[in-house]
Amino acid sequence: MPSIVVRQLVTLFLLSFWPFICLGTWLETPTEFARRDASSGHFPTHSECYNSQGTAEQCVPEFENAAFRKPVEVSPTEFTCGVRRPSRFRHQTRAGGADLHCDARIADQSHPPALLTDFNDETNATWWQSITMEEGGVQYPTTVNLTLRLGKAYEITYVRLKFANPRPESFVLYKKTKAGDAWSPWQYYSGSCRATFDLPERAPILRANETIAQCTGEFADILPLRGGNIVFSTLEGRPSAGNLEESDVLQDWVTATEIMVSLVRLNTNGDEIDFAVGGRCKCNGHANRCVKSSTEPGEVGILEAQLACDCQHNTAGVDCQQCAPFFMDRPWRRATETEANECLPCNCNGLSNRCFFDAKLFEKTAHGGHCIDCAGNTQGPHCEHCLPDHWRRHGEQHCRPCQCNQIGAVDGQCDEGGQCRCKAGVEGQFCDRCADGYHDIGPMGCSSNDSSTNGSKEVELKTKRLQMAEFDIQYKRRSVELVELQIVELQRKLGRYEVEAEG
């Protein structure tokens, strides 16, 4: 049986026997909770991102109650008991029960949404409580929404609700995969799936529809009158659950930044709920912890990140979802158990610290790091070519200007040894002087001193021109390569300017 499925079954088994576990308010601290889960084999402990030899390997943060002390919003706000006015409620039992009081103005009689995710124990139980039917307004089709904001993306294993009074007849779990997304249904609960949600009960889950939200009547019974639990396991029944690392669809399915419980049909004399969410801070296998984020307000969209992964493997981003600057030699990938997929540095020959990922270059050469802003009079994807009219001495990184004489040289380009192409009768590395037997350097080269030797000089001139033509062919071939590189760079800059213009 795949290990991930075993873990899910262990999760459900353990949850079934815990006597008092509230949604976000556990009998133990979050650290104790994570340590116990790890030691029981429920999930592996968080791991280091490099082994003893310094080799990168997959790493994950600790398994935790992601809801602990996270903010919850109730909508409409006045549907929290005691907000509109002091009210009475009663814990339902077979023998009835004594009247209790709820008043938002009195601390020990208030039940605000913050108590959904706080810490409590059996001697100090806390919970959020809705208004009662006696107060009116909560009957169907009125819906009460509880929205939990996690602060960043988490990979969720289960959501657990604990009701002090009878469980709602119908409610829905929703989630957002990332900030700014629309709400997506995770699971429907109802004793009347077809009548309430127009859905069949327990629709089959196939590989073609692994992200379908099922409707179940499993937890719709009014019994137990107190302490009814509901557990939603995100991967239960999903065909690809045993191969989560290779399933992008299921990776998105278990990812949530916000979770909403939408109470549709309440069985209420005052619904009381606690909230717990088991999962890990989502870091894509490239970090073993999350830390307080330094992200500026609004930078990541509607939901400002309160946490961020402490990214390793040369990755970056709130979820380590991209390669860090200058580590773009291959595409970013999520780490797996067999491959860390660390991001690799661009090869700029020490002449640039900036680059971008070039998909076409990667397809052609298996190295996608395209360097920009090359220093030392260089250019090219790896700063490997000299700029026009420059040359590189053997063993040096930087290129030197050719410094060809504007009158005596054919053009400004020189060969790999720094020799400029001289006109007839001109010599020197820079073509800046007349050869023996020549004088008066000019636009046509240098003139011969002896007119009687014009015939032989003409032959020499033609030979020189032939050599220059051959040199010119080689130069043009190299120029074409350089122009192609310049076109790629111009296209990249043009694309950047267009994006900036649209912004």
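Every residue gets a Cβ built from N, Cα and C, even glycine.
Feature list (source: TrEMBL):
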- 1-24: signal peptide (SIGNAL)
- 55-299: domain 'Laminin N-terminal' (DOMAIN)
- CYS402-CYS414: disulfide bond (DISULFID)
- 402-448: domain 'Laminin EGF-like' (DOMAIN)
- CYS422-CYS431: disulfide bond (DISULFID)
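In sequence order, ASP389, HIS390, TRP391, GLY412, GLN413, CYS414, GLY418, CYS420, PHE430 make up the list of same-chain residues 6 or more apart from CYS402 (disulfide bond) whose Cβ falls under 8 Å from its Cβ.
Across the domain 'Laminin N-terminal' (55-299), mean pLDDT in this model comes to 81.
Counting residues per DSSP class in helix, strand and coil order gives 0 helix, 22 strand, 25 coil for the domain 'Laminin EGF-like' (402-448). Cβ contacts within 10 Å of CYS422 (disulfide bond), excluding its own Cβ and spanning all protein chains shown: 26. There are 24 other Cβ atoms within 10 Å of the Cβ belonging to CYS414 (disulfide bond). In the structure as shown, the Cβ atom of CYS431 (disulfide bond) sits within 10 Å of 24 other Cβ atoms.
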